[in-house]
Amino acid sequence: MDFNVKKLASGAGVFFTRAVQFTEEKLGQAEKTELDAHFENLMSRADCTKLWTEKIYRQTEVLLQPNPIDHTGARIEEFLYEKLERKAPSRITNGELLGQYMQDAAKEFGPGTPYGGTLIEVGECERRLGTAEREFLQTSAISFLTPLRNFLEGDWRTISKERRLLENLRLDLDACKTRLKKAKVAEAKAAMAPDFQETRPRNYVLSASASALWSEEVEKAEHELRVAQSEFDRQAEVTRLLLEGISSTHVNHLRCLHEFVEAQAAYYKQCDFHMQELQKELGRIPNAFALNSTHSTVPAGSASEGISSPVETDTLNIEEVQPPATGTRKAKVLYDYDAADSSELSLLADELITVYTVPGMDSDWLIGERGNQKGKVPVTYLELLS
């Protein structure tokens, strides 16, 4: 108990001494030991590294998990599994969930219908996109986020701890310098020759005693200064080595950044591939809207009467195609389209054209007219107007 009290009292004394030294430095009443320019540059570089690493880390988390609520829940879940020393289960992505909903809806609407069949294809594509996203999130977390977090929670905490210790030792060193300076001033005053009023033996004894006391105080202060200087130099070297390690941190983060870019490029490449495949699959599914348009423009009784169409199914002669008396519609072009051959009509986004269909024509195509120009146009590039 006595030992604890003494230790507490000693710690309180050290804290008070440091507080006094810090206050006097701020008021300009005490000198401060300055670090060399190279050391100051190392600390500035370390602070800059910590600041921007933290910002990049936080924003990357937002990029990979945009929803703040989901992000918070995921962090809590990861924290609990980490404390339990168990591996967190894979979280289903929004794309995978959307794909599942679409496929479930297709079963209700009927997979044989155009809408149901399309929902199945799109749902499968969304599921694949969600799987690719999950793989990208896992790869990014391991190769990029984890090294950044390890630096912030490991290396930087060690650097901050050593820097705080260095600052405390620096305050102790400057406090020792101040005590030594005051002791030397007092010793010099005590060693001055006594004046005429102090020529009696008693005054000589008192003067000699005071001078001896201040000499001992100076020796004690010098010893404390040497110890404080040694501890400060040793801690400065430790801190310097840690700060110089920031260069290795930059090299490591550069490698992780390259891995993140490669993972991101692979993810977007997979997404593009899946979307291209989806467009091909959708092109094979009959377009119900186009079929309805075809049925509405075919003359009644033509099929039962066996009237042959002037347009051959295999070869379409655009010059021989004539617009029907009824059934033409206006359509707005959604995207630019370059004609693949002379039978097609090139389109410009947002322009209005006249469209109609002819018997025996593929349901994915319509005949479009713009002034004197005429040709086949894809239905998917149009918005039919009433």
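From the backbone N, Cα and C atoms, a Cβ is placed for every residue, glycine too.
Curation does not apply to TrEMBL; its annotations are automatic.
Checking the ranges 131-158, 159-186, 271-298 against TrEMBL, the coiled coil annotation falls on 159-186. The coiled coil annotation in TrEMBL falls on one of the ranges 15-42, 43-70, 71-98, 211-238, namely 211-238.
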